[in-house]
Ligand code: PMP
């Protein structure tokens, strides 16, 4: 069978080498004669694996010692409510920067849990010369005592990414679900980072939380123990039975990242992949993209066919060529190529060749 390149936004493709190793180990992990899914999470083998996963993640992201690394349930969305429940317990206020679908969904969730007056929002995307552009507000000029400012640095649906670091007087809480480890970030600038696993980490359902220890002194609301950051810290992310297979696979992805040059190498390749695809879109009048150049996502490249009556045919022919899951999110339509760490440069080259040929055939 010829290569299939999977551009799904999530659950996304995982590194082939990791999938092959997992396949080999599926019924006999670590010489135990059983799979990692069938042993106690309190066994010494499983604990050793989790410790190694944390060590490798800390190395990859240069996570300082005053941060806890948690492996939690519920993917990205669970953290929308966990953040509120853990940090806004005494009528404290938070500021949410809204840049697209996911940051807006975080606001909706937050407003369900506390009174609307506790959640302030600023819309940070404007249309400039017909393109969506992020205009970061001067947060230092705002005279408020927020518990945290929340933002999403890569809007998976809208294809908008924020590369600048926020300059904030309050702790920054960041949803990095679709950009974590795609390029280096300075973790010490954040109060809390979270990410659903199903893009750059592993299977869905798992969420990674990286939280600075002083954040855990903020007042929390009564909440379920499995969603309480303090309980997770106290129990090494094992208050209840964790998603063991997802954790194992994440540890394999971390090891793969480390063996393949780490985050800086990923960042270089990700830049090349995105440049190749945007160059194809920009140089070909058949396609368009509505995001300002410096906010174009390197992970989720959204684009439209100028003649959208050809969308169905484009998707059909792409699939026949082994290029799958290119349909844009149902809310925004068009196309979306998600090109996370596991997508090789050859996959993007194959897509670009296909797009150029499709344009010639249908112009
Ligand atoms: N935040 C972002 C940026 C996302 O892309 C997603 C999922 N696509 C989520 C949050 C929600 O994650 P989950 O489906 O794991 O709850």
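Glycine is treated like the rest: Cβ placed from N, Cα and C.
TrEMBL lists 76, 77, 102, 175, 198, 240, 241 as binding pyridoxal 5'-phosphate, and of 121, 156 the one it places in that same site is 156. In the predicted structure, the domain 'Aminotransferase class V' (4-351) carries a mean pLDDT of 97. Once Cβ contacts within 10 Å are tallied over all protein chains shown, the recorded positions 42, 77, 199 are led by 199. For the pyridoxal 5'-phosphate site listed in the record, the two most distant Cα atoms among 76, 77, 102, 156, 175, 198, 240, 241 lie 30 Å apart. Closeness to ligand 1 is met by 76, 77, 175, these being the recorded positions among 42, 76, 77, 175, 199 whose Cβ falls under 6 Å from the molecule. Fewest Cβ neighbours within 10 Å among the binding-site residues 156, 198, 240: this applies to 240. Taking only the Cα positions, the spacing between residue 76 (pyridoxal 5'-phosphate binding site) and residue 42 (L-glutamate binding site) is 26 angstrom.
Taking the Cα atom of each, residue 42 (L-glutamate binding site) and residue 175 (pyridoxal 5'-phosphate binding site) are about 30 angstrom apart.
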